Amino acid sequence: MLLVIDVGNSNIVLGIYDGELLVRHWRISTDKSRTSDEYGVMLNSLFSLASLSFSQVKAIIISSVVPPLTGVLESLCRDFFALPPYVVGPGIKTGMQIQYDNPREVGADRVVNAVAGFEKHRSPLIIVDFGTATTFDYVNSKGEYCGGAIAPGLAISLEALFQRASKLPRVDICRPPHAIAKNTVNSMQAGIFYGYVGLVDGIVERIKLESRDQPRVLATGGLAALIAPESKTIDEVDEFLTLEGLRILYERNR
């Protein structure tokens with residue numbers, strides 16, 4: 001079995017693949033203060049609840065946008081699984097040309113998503129990943145990663161509104177019933193939610209215009225299922241796109 005680990009700023013998503021089949025997946029909070037032993041104990045509990053054992057894992061691949069945790073998780077892999085993990089970054093064969101001023105600047109998660117998206121669809125794509133930041137990535141018909149845009153995530157935007165406007169409360173992220181809201185909480189939710197839908201559609205349309213193409217638009221990430229139904233541009237939600245990309249990269253580098 002293959003263990004794939006996607007380390008984001010807010011969450012770590014883990015998956016277990018048996019061949020091409022994703023058999024289990026988990027989402028835990030990202031905590032830079034945890035040690036490799038603490039993550040190991042947590043992972044042992046998750047494995048036990050799923051009737052899995054560490055000995056069943058024969059390979060591990062990690063994508064991380066949190067550098068302090070990369071080494072911690074590498075230690076976890078060596079100490080608990082006795083395996084050196086593959087880490088997405090320089091030296092990993094992606095099979096994709098990166099059309100970027102400095103390819104090393106492209107986040108590992110963005111490359112992983114691009115690889116998975118093109119492998120599955122074999123057509124031009126825009127991939128919208130709703131994470132701590134929301135990323136927009138364009139892959140052309142040749143399968144080349146062409147760049148994209150980065151915007152503040154939905155949660156960051158909502159938290160900034162609470163922090164910087166002293167009379168406004170902290171509210172949950174949800175789809176409000178109306179854009180013309182009748183109370184402060186719904187007004188904030190309407191502004192953030194519908195404003196963010198407009199941001200997504202606006203950036204996607206601009207990328208389409210600049211690309212002179214009609215790419216398929218994939219959405220992934222924790223809040224994709226919330227935003228996609230209101231979006232005019234998102235064609236499909238792929239919840240496990242990043243995990244699938246890690247599996248594909250493992251196959252290309254094993």
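Each residue, glycine too, has its Cβ placed from N, Cα and C.
Pulled from Swiss-Prot, these are the features on record:
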BINDING   ASP6, VAL7, GLY8, ASN9, SER10, ASN11, ILE12, VAL13, THR132  ATP binding site
BINDING   TYR100, GLY107, ALA108, ASP109, ARG110, THR184  substrate binding site
ACT_SITE  ASP109  active site, proton acceptor
BINDING   ASP129  K(+) binding site
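Locations of recorded Swiss-Prot features on the structure.
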| residue | record | contacts (Cβ under 8 Å, 6+ apart) |
| --- | --- | --- |
| GLY8 | ATP binding site | THR30, VAL65, VAL66, ASP109, GLY131, THR132 |
| SER10 | ATP binding site | SER29, THR30, GLY131, THR132, ALA155, GLY222 |
| ILE12 | ATP binding site | ILE5, ASP6, ARG27, ILE28, SER29, THR30, LEU69 |
| TYR100 | substrate binding site | VAL106, TYR145, GLY147 |
| GLY107 | substrate binding site | VAL65, THR135 |
| ALA108 | substrate binding site | SER63, SER64, VAL65, VAL88, GLY89 |
| ARG110 | substrate binding site | ILE127, ASP129, THR135, ASP137, TYR145, GLY148 |
| THR184 | substrate binding site | LEU168, PRO169 |
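Take the mean position of the Cβ atoms of ASP6, VAL7, GLY8, ASN9, SER10, ASN11, ILE12, VAL13, THR132, the recorded ATP site; other residues of that chain with a Cβ within 8 Å of it are THR30, VAL65, VAL66, GLY131. In this entry, substrate is bound by TYR100, GLY107, ALA108, ASP109, ARG110, THR184, whose most widely separated C-alpha atoms sit 43 angstrom apart.
ASP129 (K(+) binding site) falls within a strand segment according to DSSP.
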